[in-house]
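Okay, so here's the structure we're looking at.
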Amino acid sequence: MTERTLILIKPDGVANGHVGEIISRIERKGLKLVEMDLRTADRATAEKHYEEHKDKPFFGELVDFITSAPLVAGIVEGESAIAAWRQLAGGTHPVEAATPGTIRGDFALTVGENVVHGSDSPESAEREIAIWFPNV
């Protein structure tokens, strides 16, 4: 089934020069990048995006990090795009759960700065795309 999913290349991925390689991996997987924007997220967008974590102790650090520098927000489309992107991204914790060969397994060392984000379900994708790309 053709799906759309939100992807974020977080500030650490942008700052460390991984954007080109990440986009190449998306394309090699057969997914299509249909929207892409380099921006520095404002706090309101970040807080809305991460609202499920608002009562957790790391919420403030998460918002501070995602708004600290430019990131790339994008919409990826393709067959089973959500699962395909999550497979490319690797496990959330880059050392304990991300396999070498995945984006996080290759480029990240901490769970707090783990290079990329991807929606985890069709419902999350719809909600997150509306937050980051309200006119799409």
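Glycine too: its Cβ is placed from the backbone N, Cα and C atoms.
Sequence annotations record features per position, and here Swiss-Prot assigns ATP binding site to LYS10, PHE58, ARG86, THR92, ARG104, ASN114. Residues within less than 8 Å, Cβ to Cβ, of ASN114 (ATP binding site) and separated from it by at least 6 positions along the same chain comprise LYS10, ASP12, THR92, HIS93, PRO94, ALA98, ARG104, ALA108.
Less than 8 angstroms from the CB of HIS117 (active site, pros-phosphohistidine intermediate) sit LEU6, ILE7, LEU8, LYS10, ALA89, each of them six or more residues away in the same chain. The active site, pros-phosphohistidine intermediate annotation in Swiss-Prot covers HIS117, and the record cites sequence analysis as its basis.
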Any same-chain residues 6+ apart from PHE58 (ATP binding site) with CB under 8 Å of its CB? Would you list them in sequence order, or say none?
GLY112
DSSP secondary structure for HIS117 (active site, pros-phosphohistidine intermediate), reduced to helix/strand/coil, please.
strand
Among all protein chains shown, how many Cβ atoms are found within 10 Å of the Cβ of THR92 (ATP binding site), not counting that one?
15
Looking at the binding-site residues LYS10, ARG86, ARG104, which one has the fewest other Cβ atoms within 10 Å of its own Cβ?
ARG86
